[in-house]
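Here is what TrEMBL says about this protein:
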type	residues	note
DOMAIN	B:13-76	domain 'ThiC-associated'
REGION	B:76-122	region 'Disordered'
COMPBIAS	B:76-91	compositional bias 'Basic and acidic residues'
BINDING	B:Asn187, B:Met216, B:Tyr245, B:His281, B:Ser301, B:Arg302, B:Gly303, B:Asp342, B:Gly343, B:Leu344, B:Arg345, B:Glu381, B:Tyr408	substrate binding site
BINDING	B:His385, B:His449	Zn(2+) binding site
BINDING	B:Cys529, B:Cys532, B:Cys537	[4Fe-4S] cluster binding site
There are 2 protein chains.
Amino acid sequence: MTDKDARTPARWHKSYVEGSRPDIRVPMRQVHLTNGRSVSLYDTSGPYTDPAAATDVRRGLPPLRQHWIVARGDTEEYPGRPVRPEDDGIRHTSPRGGLRNLDAVFPGAPRLPRRSREGGPVTQLAYARRGEVTPEMEFVALRENVSPEVVREEIAAGRAVLPANVNHPEIEPMIIGKRFLVKVNANIGNSAVTSSIEEEVEKMTWATRWGADTVMDLSTGRNIHTTREWVLRNSPVPIGTVPLYQALEKVEGRAEELTWEIYRDTVIEQAEQGVDYMTVHAGVRLAYVPLTAGRKTGIVSRGGSIMAAWCLAHHKESFLYENFEELSEILAAYDVTYSLGDGLRPGSIADANDEAQFAELRTLGELGRVARRCGVQTMIEGPGHVPMHKIKENIDLQQEICDEAPFYTLGPLTTDIAPGYDHITSGIGAAMIAWWGTAMLCYVTPKEHLGLPDRDDVKTGVITYKIAAHAADLAKGHPGAQEWDDALSDARFEFRWEDQFDLSLDPVTAREFHDETLPAEPAKTAHFCSMCGPKFCSMRISRDINERFGGDAAAGSPEEIAEGMLQKSKEFAARGNQVYVPLTERPEQFETAAD
Amino acid sequence: MTDKDARTPARWHKSYVEGSRPDIRVPMRQVHLTNGRSVSLYDTSGPYTDPAAATDVRRGLPPLRQHWIVARGDTEEYPGRPVRPEDDGIRHTSPRGGLRNLDAVFPGAPRLPRRSREGGPVTQLAYARRGEVTPEMEFVALRENVSPEVVREEIAAGRAVLPANVNHPEIEPMIIGKRFLVKVNANIGNSAVTSSIEEEVEKMTWATRWGADTVMDLSTGRNIHTTREWVLRNSPVPIGTVPLYQALEKVEGRAEELTWEIYRDTVIEQAEQGVDYMTVHAGVRLAYVPLTAGRKTGIVSRGGSIMAAWCLAHHKESFLYENFEELSEILAAYDVTYSLGDGLRPGSIADANDEAQFAELRTLGELGRVARRCGVQTMIEGPGHVPMHKIKENIDLQQEICDEAPFYTLGPLTTDIAPGYDHITSGIGAAMIAWWGTAMLCYVTPKEHLGLPDRDDVKTGVITYKIAAHAADLAKGHPGAQEWDDALSDARFEFRWEDQFDLSLDPVTAREFHDETLPAEPAKTAHFCSMCGPKFCSMRISRDINERFGGDAAAGSPEEIAEGMLQKSKEFAARGNQVYVPLTERPEQFETAAD
């Protein structure tokens, strides 16, 4: 499918809900139905789907939040850390220096980085605790259809995070917490083996177009700094990273050469660029490494294995754990949100919920308390591979140990036997764990365990996870969640095919699938579909029954109902009991197909 | 993908486990691993995947069970009901008589139908109650790796069914019950709008090749009788139908013209052909119809809507309900298993678990008791569209009301918003309800609500549902279920890529996905993949750690562990702390991709 399909769909338009001030404009996807009604849906696609907004990836998105940040007066611009060649993985020692393409440097207007003026926390958590409802909080309140006070309370209590680096003014604020809509993250990122800067930016806009609420840039190859700059400047959603990956590139992949100074420098580099949340594997402590020795699949988290290797090489406690308080003060000065990584998550059904995993989880709970004391918003990352019967124990323990900090889970995958379909093995676990309280789901694509996702894999992963997230919103009884299902089911029952397509998570595919068997235009209004054919359509029979009975017939005593039914069935008979289209009235295109 | 890919895979062969007698040979899929071990998996694909077996769809499969049936001496051959033109939907009144292609009549050797000699039940249920372990029971015991006595007990108690019509001797026996592996059904069937006999037979063999345990032929167009004959004679798995569809064809789609006599004649016609289980919507009673009037999507079951229309037209109780005992005696004489249809199942999230659904369920419980009293094996069909938080109530109520009779559910779909992806919306619900006790899952394809599934849709639907079924087997702790996951995870951790592919539910797709990014042969043995690239592979780092620690390091007091670790890390350092492949050692094909 082409961008056009998604960017300019036939019958919906971008609308904005205005807040208490004209510069608070919350984007919505307004779907216009053929019955005159319209339905508005949560929209993550940013200005790209607004024909009125002229976007240019070489200029970047408008800095929506810039004056909110400046107006708070608690941050200041400063020269910032100079960008060095090694930030893009270029070294004199390297046989292959130079950017892949030198014109790749982001051409948009340069902006000085900002940070806390006094060094104290300039975070949404700090503001919420002070009782302030920021424009960002009002924005998400309108977006989630809850009161701003609920948003402030949840953030203040540490039960929700609003990732919004002061150096990423381009984002449309969103919130992650169990009292809000379940969110979905999509991973992008080149690796040593494949893909380019352009592809990564395109993957980001593509993922948000289909509903990704945040995007993680997990690049590990060259041009990491430059790729990230392009992604950040063009992203309407919060961007997450794993600074450890870039730090490792700076020491040419030799884990034992990592130092706190190199890591710290990398975190500042990324904070100045505007990364909104960072995965930090500070829970992988020296003493936990042996706990993984007896596992079937050892350590499958990249960050976890790197830190384990470092701890072994030096036989020292993790430098992330040792310097966690200082690290927290840095993040607080930019409002970077922690995503405390589960470096020891299980990589197979056999290793689920073992001692290594839970030992680390207890440490993450402890670190979360340190982080919040420093004013840093904090999420906790979760597994991994977990069979269905062990999922609840997982989230219940996380909520208890981590003081209800937002849980951010990968899957979990409910079986190991289906490489090529792990978006499904994990979508099952994701829906369940989200129902039970997970705040954000990290998507898994069909390529998991096998290769890097391409454009179609990214879309399939996002759609699958939007299904899991919405199924959980329904199960949690999130206010308004069911309206979407109801609108689509009404359209289905009334044979408003175009409305059914337009209300779908993926209108393009729904329309394509329908047209494969019934391409002719008349079929778009036909009172049946190719599944049962005209004579067997249960929905039309059932609508027939509805018309003859009306809702009222269900009321009254058994006798009254029986009497009412007798009446109705007489009318029914009087009209010739016709519940089907006689063969002779069947439109020609089905005749031919039928014989 | 081609048939060949699936029929003659590189490194597995068909093996047979022999029972107490040489003619009990249970097929297994024996996967040979590169480490010399082998894993045997449940195999539904029939003789088609056995190079030693010469199959010919025009001759049909060998009648494996024929002499078991004859040996019991309780059945006899008889002339049977003459096949009439209207059995294939051909009428003098029709402007378009004649089979689509006259040579379509099944050319295999004709066989006289059999039925009970004295008219009493000749069912696996009757034998089990008498304490007999039939060859069929021994066959499934070996297939499920449980004792034959457990099989007999579960069948005798009505908690499991072994669908095996005396006129379908071609099947490899299988069992459906919560104490056994969760099964998956695939629907095929032409409709008035599209598809041919050849396609239906091909869909059946294709579905079983990927793991379908039973197949339902839901044909509604012309050539119903002939299509079914071809499918039955070539099917290694039990075949289910909905006789009401063909009966309606015989009255040219006028529901009110249906009679008990026409229906009864159709049931006998199909029983003589060898249909193993029949969906009967006898629970749709006159008094329940008004309960659907207030629904968002009314009645979405075809059978349910047809019976509701009949009840209204005549203002009479359902002829299926009224004649249920006689119907049961007919089914008992052929060992046709009941699948009591949920004609009032919800068709949207809004209608889930409503009074109409549960009123019918109570009636199904009552009918199940009548059926078993007549010696008929019985399953109960379930919803439909149900949000996650209402699924447990559903199965718990079914198990209580229906005396633990096997539950056979469609999905359930956990949201309405994703047409085009309903294999996923329903796969989520299917995994959960199977974990909680559903015995068989009816698959849903990506085309649900939109069109008729093609070959690829059938495969996607089956694979998705095999995932849900296996995830449930794991959660239920089914003996041996996790061995499959463990074998694949071992292969993954040891970078035995070919083994990982061969152990996958879909080896073809797993291999294709891997080769997309790393096509070169060396990559098949490479100790990393394209996701992280050579420098970042967590698994190799982790294996490194494993080698240095061994399982033993995890034992002993904290001091001992610390001491052991100190030792290990010295060795580690001595070996140059090497956890990555140095850039210079990276194979050329990655260099090019990396720059």
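Backbone N, Cα and C define each Cβ position, glycine as well.
Long-range contacts of the compositional bias 'Basic and acidic residues' (B:76-91) within the same chain, counting only residues at least 6 positions beyond its ends with a Cβ under 8 Å from a Cβ of the stretch, are 97-99, 112-115, 117, 221-226, 246, 249-250, 252, 265, 268-269, 272.
Secondary structure of the compositional bias 'Basic and acidic residues' (B:76-91), assigned with DSSP and counted as helix (H, G, I), strand (E, B) and coil, comes to 4 helix, 2 strand, 10 coil. Looking at B:Arg345, B:His385, B:His449, the binding-site residues in this record, the fewest other C-beta atoms within 10 angstroms of the C-beta turn up around B:His449.
Around the Cβ of B:Tyr245 (substrate binding site), 24 further Cβ atoms fall within 10 Å across all displayed protein chains. Summarising the substrate site geometry, the residues cited as binding it (B:Asn187, B:Met216, B:Tyr245, B:His281, B:Ser301, B:Arg302, B:Gly303, B:Asp342, B:Gly343, B:Leu344, B:Arg345, B:Glu381, B:Tyr408) extend over a maximum Cα to Cα distance of 20 Å.
In the structure shown, the C-beta of B:Ser301 has more C-beta neighbours within 10 angstroms than that of any other entry among the binding-site residues B:Asn187, B:Ser301.
The two recorded residues, B:His385 (Zn(2+) binding site) and B:Asn187 (substrate binding site), have Cα atoms 18 Å apart. Between the binding-site residues B:Gly303, B:Gly343, B:Gly343 has the most other Cβ atoms inside 10 Å of its own Cβ, all protein chains included.
For the pair formed by B:Ser301 (substrate binding site) and B:His449 (Zn(2+) binding site), distance between Cα atoms is given as 12 Å, rounded to the nearest Å. According to its DSSP assignment, B:Arg345 (substrate binding site) is coil.
Comparing B:Asn187 (substrate binding site) with B:His449 (Zn(2+) binding site), their Cα atoms are 14 Å apart once rounded. Within 10 Å of the C-beta of B:Tyr408 (substrate binding site) we count 27 further C-beta atoms, all protein chains included.
Closeness to chain A is evaluated for the binding-site residues B:Ser301, B:Arg345, B:Tyr408, B:His449 by Cβ distance, with values under 8 Å counted; counted residues in sequence order are B:Ser301, B:His449.
A strand conformation is recorded for B:Asn187 (substrate binding site) in the three-state DSSP classification.
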